[in-house]
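Step one of this worksheet: look at the structure below.
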Amino acid sequence: MMFGGYETIEAYEDDLYRDESSSELSVDSEVEFQLYSQIHYAQDLDDVIREEEHEEKNSGNSESSSSKPNQKKLIVLSDSEVIQLSDGSEVITLSDEDSIYRCKGKNVRVQAQENAHGLSSSLQSNELVDKKCKSDIEKPKSEERSGVIREVMIIEVSSSEEEESTISEGDNVESWMLLGCEVDDKDDDILLNLVGCENSVTEGEDGINWSISDKDIEAQIANNRTPGRWTQRYYSANKNIICRNCDKRGHLSKNCPLPRKVRRCFLCSRRGHLLYSCPAPLCEYCPVPKMLDHSCLFRHSWDKQCDRCHMLGHYTDACTEIWRQYHLTTKPGPPKKPKTPSRPSALAYCYHCAQKGHYGHECPEREVYDPSPVSPFICYYDDKYEIQEREKRLKQKIKVLKKNGVIPEPSKLPYIKAANENPHHDIRKGRASWKSNRWPQENKETQKEMKNKNRNWEKHRKADRHREVDEDFPRGPKTYSSPGSFKTQKPSKPFHRSSHYHTSREDKSPKEGKRGKQKKKERCWEDDDNDNLFLIKQRKKKS
């Protein structure tokens, strides 16, 4: 009662899916598989049938048995026809071993009628059986095909009969025709199943015709990529990828829908031209752009030998080995050395002459292609001392370039730029910064030295003045200090004055008049201290 009154699950499935054939007999599916595996694709069946009829007539009338009831018929399979198997004496046996099968047709008269139009349409869409079955099958007349349904019987060939059949049919049988076998290299061609090829393009040695289908020509199938970009992809885009063209995440630059950017020149960083058409290329001997008025300050190095790689054409500081020695370094500091030194491989090929046994920098014909070759190997790795020495040499070269005006100096008025950027900029600070940046930083030390020299010179000058005063007045000058000012008073002069002290008022300049007033004030201070009566009387007379 498990299957609703059915004895087995097979009977239940037959009733469920309305399968008329018994599910116990698994021969139906196997026969169908065998039939479809032996089908050949045919073109122009009318011409093929005519050729077969002509061959059969020439072979003789003894083999023809068109009037007999057990006559062999051409099996034609189409979508409209139905293949029926007899329930009587037909026996189908299959073998596990690889064997050649024979197909035999058996006529059974059935009360069925087919019109001529259905027959003609079925013939055009039919498919033929294997070539080895065609040799044993004869062509029936068109009148007899209308009321005949074929039966197919597959019989296993014994080992003794198999040897005989392979002798006669071995020429036409290929390995791919056998069930369970794969395509062998010994097969004649790949179009063994194709029959009736008239529109041949080329004809090979064996007379094999190659044809092109009209449908393929109309479809214009080609293995070419479309010129447009693939904007939609069949897999999920990686969100971590950044496009170099539009700087957005999710796609690569080759799949970017936007137009590509114009490439920059890596010499002048400008767009619109590349390296070879750059208006300001670098000098071959100094790392400075080559202008119209460029005069190289360094010596030519085309005939100089590098002390590092021992190659001609460059100096030691310009050797490519300096940056190639960092191929294992991932942290700042001296380059990391490999544990085992690398050796050149035995298979060496030249990129100039394409010969085996040497590299491009060792090529005897390199003067034609590359007059200044470079070694691809690393001779030795630098240490800290060598790196520091190289940096010192580079700094000296930079100083030479600055003195000659090759490297542009900073702007003379940097506070103007700062004021434009900062609207609340202080002018005093700007002036101070302008004074500090008025001269290059290299001359700051010289400025300090000049200031110190000026100060020392002023000190020596004052000391010399005091010495002259001491020689003229051995008793020493008398100094008077006024509040808020610190001035050195001149020494008092003796009573007897020489003639050169007396000058006329007309000859005195306005500056000398000011000095005279100061002298009178000093004399007043001196008279208060002196008790000489003679001097007091003399002053009264002058006043």
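Numbers run from 1 along the shown chain.
The backbone N, Cα and C atoms fix where each Cβ goes, and this holds for glycine too.
Between the listed ranges 24-41, 348-365, 366-383, Swiss-Prot ties the annotation zinc finger to 348-365. Among the candidates SER160, SER168, SER485, the residue that Swiss-Prot annotates as phosphoserine is SER485. Comparing LYS239, LYS384 with the features listed in Swiss-Prot, the residue bearing the annotation SUMO2 cross-link is LYS239. Of the listed segments 205-222, 241-258, Swiss-Prot assigns zinc finger to 241-258. For the recorded sites shown (LYS254, LYS339, LYS537), fewest C-beta neighbours within 10 angstroms: LYS339.
Listed by sequence, the residues of this chain that lie at least six past the ends of the zinc finger (304-321) yet keep a Cβ under 8 A from its Cβ atoms are 361, 371-375, 378-380, 390, 393-394. Sequence-distant contacts of the zinc finger (348-365) (same chain, at least 6 residues past either end, Cβ-Cβ under 8 Å): 311, 373-376. DSSP assigns LYS339 (SUMO2 cross-link) to coil in the three-state reduction, outside any helix or strand.
The two recorded residues LYS339 (SUMO2 cross-link) and LYS537 (SUMO2 cross-link) have their Cα atoms spaced 110 Å from each other. With DSSP classes pooled into helix, strand and coil, the tally for the zinc finger (241-258) is 3 helix, 2 strand, 13 coil.
Taken residue by residue, the zinc finger (348-365) breaks down under DSSP into 3 helix, 2 strand, 13 coil.
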